[in-house]
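J.: First, the structure itself, so that you have it in front of you.
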Amino acid sequence: MPNHIHRWKKPLIFVQKSRILSSLSSLIFTKPSVSAAKVDNDDDPIVQKDRDAVSEILSGLKSLGLRSFLGGDYFRTIFSTLNQPQVDLVIDSLRAESPDFALGFFFSLSNVYGFRHSTFSRLVVSHVLASKCWFEELRLVIKQMVEEEGSGSASSVCELLLDRFGDWDANGVVWDMLAFAYSRSEMVHDVLFVLAKMKDLNLYVSLSTYNCLLYNLRHTDIMWDVFDEIKSSGIPQNEYTDSILIDGLCKQSKIEDAILFLRNTKEKEPGPSSVSFNTIMSRFCKLGFVDVAKSFFCMMLKYGLLPDSYSYNIIIHGLCVAGLMQEALEFTNDMEKHGMEPNIVTYNILAKGFHLLGLMNGARKVIQNMLLKGLNPDHVTYTILICGYCYAGDIGEALRLHDEMLSRGFQLSVMLYGVLLSCLCKSGQVEDALRLLYEMETVGLRPDLITYSIVIHGLCKQGNVQRASQLYKEMCLKGIFPNNFAPRSILLGLCEKGNISEAREYFDTLTTTDLVYDIILYNIMIDGYVKIGNILEAVQLYKQIIEKGITPSIVTFNTLIYGFCKTGNLAQACNLLDIIRLRGLVPNVVTYTTLMNAYCEEGNIDGMLKLLREMEVTDVTPTHVTYTVVIKGLCRQWKLQEAFQWIENMYSKGLVPDQITYNTVINYFCKARDFTKGFQLLNDMLLHNLEPTPVTYNILLNGLCVYGDLENADCLICFLEEYNVNLTKVAYTTTIKAHCAKGEARQAMRLFHRMANKGFEISIRDYSAVINRLCKRSLITEAKYFFNMMLSDGIAPDRKLCEVMLNSFHQLGHLNSVSQIFAEMIKSGFVLGQD
């Protein structure tokens, strides 16, 4: 946007100008005049009263001077009785005899006493200011008048100008400034009305007024009419005129016309401007064509124009958005080579570019370079960095920057607090989020619905539903109008916590409000009942939905279908599929996948595949979960090669199998003793950059152990340990029990010690599993070794383990060991029975 054109948004505050008031107290009056405020009936007592008040004010001003009179007790006393007609008479009288006093009186009443002047007084003062060529003050007076009069006021203002000010000096300047003010305030119809009157009066319209109107109309084809008017008026257009037109064409997505217009300006004076090039470059960058924008950057140089920092920042921003950070940095270096120091905007653009790519180290280096250049981070810099670190999950660094912002006197926005609160809640630091929420009020910010909702949701996810409910009530008491999000979170939290009766009680309290018509609340409650297997109560809620005239969603039906499938009522689940269609809803992938899984569990593969074909016919795209269900069904019928082929089909369809998909097939190949295929699938996972889960390795180890290939099981564990793969305790216990069952006590001992050294918690159950198997293999010495190791670990034996060992010792004649077991039983408090 051209630099000289912008929307005026600051509140208008008149300041007493020293040049207006400096010499007023020394001015001498002549006889006052009321020519412009002449009244028709001099005998009217009200009119006479007004004239008397005016005369007193004029006399006081003459004798005491402006400042002394207006600051005195007498004027303060009579001010409350003054009306607009009286003030109009005073200002008009002063204008005729002493214009400076007219200005001083006008501004003192508005600034000091807060008096609201009439349109007439404003126009009188406007003419005085215009005649003195005090254009900035003139602009402010007319701007305030236009804003107070509002849209559609042009006809009455113009009528007043025509009736009372037609022959006044500088009248044309006031008309032009009036048109400019309406244009700046975006009152297009009013400015067009003023310009039409000016044309009738043959008054001069300035180029700045035309440019301002052109800017307001740049998004429409009417801008060409204004442009033609400028050309026909004979006013020499400047570079801003052309740049506004080019900006308008870009805004209208007529980029080719904008380029053609730019080329045509080459032949005219003053020629194309850097602003025009910047506009086109910015447009191409927004469209994603940063290479085209770079070609226009080069074209600027051919036209003899030097790119400014704004030009460089446009290209750098385009490159950052495109993810071309290296090239963006090179452009920044080129900027410095040509004598232009990157500014705070440049560094913020680069920091945001790294943030968008999740490369916060790069963003940190950019800020370090900025600091070395002597530039301090601004509010935008901190916002970019805090958002970046939050999205990267580094809440510690984000909070450090939050503290730094506050220490430097910056105030965080509500949005930025929302980002921090969300990150804290996601990382489980809900108490810290609560402290930050209350901090907002201490720094003068009012938490809004979003910030409260984030923390309420975080509390619910942690199961602290009671505190969430308190916070919700606190929010309502503060006059923050709630939406459905917070009640949904609270209800969901109660259901997930398993407090279904409390959840239902809370749900019932919502039925007294409009929230009862929120289908999502019903869906949450239905899902809560389904998860605990209470399908009857879920169905009752569905009937309540229908009775109340609420439209059920596809989620409602999917939840009920899952409930019926879970309880084994597949026929009723299939009936719901027909009801979905009758209600005008479309079954989605969740609907079909849930039913397919139910058919799979029943072993009805034909029914499952029929639903898959129906999905394809109705253009419902299967997900990797759908295919995993199919693969599971094929595996259960031992169609393993076919299941393996389905994994290949998934990749060809653009779907990525997950660990559950692979684990399902690997498990069945292991059961079929085809370990070659099982390990082939493991390698296939790694080739596709899919990290195997501990379950994957447990399946393979279990298969090897069950079918006696303990040598390969040991090799697999060693291999995984060597590559620092995190194994679970199950991997070790499975292999240890297999070695014990096979009588390989030494290898079992080695694995047991390795498991303990890994930091896993060893329980009585783990020792019992080993000792039981060793006793069955009559390996008494080894069993006693583990028993003593258990005692040294401070783990007391249970009665069942003692009985197993006693029986084994009796059978093998190890009577000396029997007394030790009896001693441990007595020590553990077991009551010995009679044998």
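All residue numbers here begin at 1 and follow the chain in the order shown.
In case you wondered, yes, glycine gets a Cβ from its N, Cα and C as well.
Got these off TrEMBL a minute ago, pasting:
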- 273-307: repeat 'PPR' (REPEAT)
- 308-342: repeat 'PPR' (REPEAT)
- 343-377: repeat 'PPR' (REPEAT)
- 378-412: repeat 'PPR' (REPEAT)
- 448-482: repeat 'PPR' (REPEAT)
- 518-552: repeat 'PPR' (REPEAT)
- 553-587: repeat 'PPR' (REPEAT)
- 588-622: repeat 'PPR' (REPEAT)
- 658-692: repeat 'PPR' (REPEAT)
- 693-727: repeat 'PPR' (REPEAT)
- 728-762: repeat 'PPR' (REPEAT)
- 763-797: repeat 'PPR' (REPEAT)
J.: Which residues of the same chain, at least 6 past either end of the repeat 'PPR' (308-342), have a Cβ under 8 Å from a Cβ in it?
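T.: Distant contacts of the repeat 'PPR' (308-342): 274, 277-278, 281-282, 284-285, 288, 290, 293-294, 297, 300, 349-350, 352-354, 356-357, 359, 362, 370, 373.
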J.: Determine the mean pLDDT over the repeat 'PPR' (273-307), rounding to the nearest whole number.
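T.: So the average pLDDT across the repeat 'PPR' (273-307) works out to 86.
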J.: Do any residues, 6 or more residues outside the repeat 'PPR' (448-482), come within under 8 Å Cβ-to-Cβ of it, and if so which ones?
T.: 414, 417-418, 421-422, 424-426, 428, 430, 433-434, 437, 440, 489-490, 492-494, 496-497, 499, 502, 506
J.: Near the repeat 'PPR' (658-692), which same-chain residues lie under 8 Å Cβ to Cβ, leaving out any that are not at least 6 residues past its ends?
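T.: For the repeat 'PPR' (658-692), the list is 624, 627-628, 631-632, 635-636, 638, 640, 643-644, 647, 650-651, 699-700, 702-704, 707, 709, 712.
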J.: Going by DSSP assignments with H, G and I as helix and E and B as strand, what are the residue counts for the repeat 'PPR' (553-587)?
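T.: Helix, strand and coil residues of the repeat 'PPR' (553-587) number 26 helix, 0 strand, 9 coil.
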J.: Tally the residues of the repeat 'PPR' (693-727) by DSSP class, grouping H, G and I as helix, E and B as strand, and everything else as coil.
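T.: Counting residues per DSSP class in the repeat 'PPR' (693-727), I get 26 helix, 0 strand, 9 coil.
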J.: Counting by DSSP, what is the helix, strand and coil composition of the repeat 'PPR' (763-797)?
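T.: Split into helix, strand and coil, the repeat 'PPR' (763-797) gives 26 helix, 0 strand, 9 coil.
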J.: Pull the DSSP breakdown for the repeat 'PPR' (728-762) and write it out as helix, strand, coil residue counts.
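T.: Across the repeat 'PPR' (728-762), the residues distribute as 26 helix, 0 strand, 9 coil.
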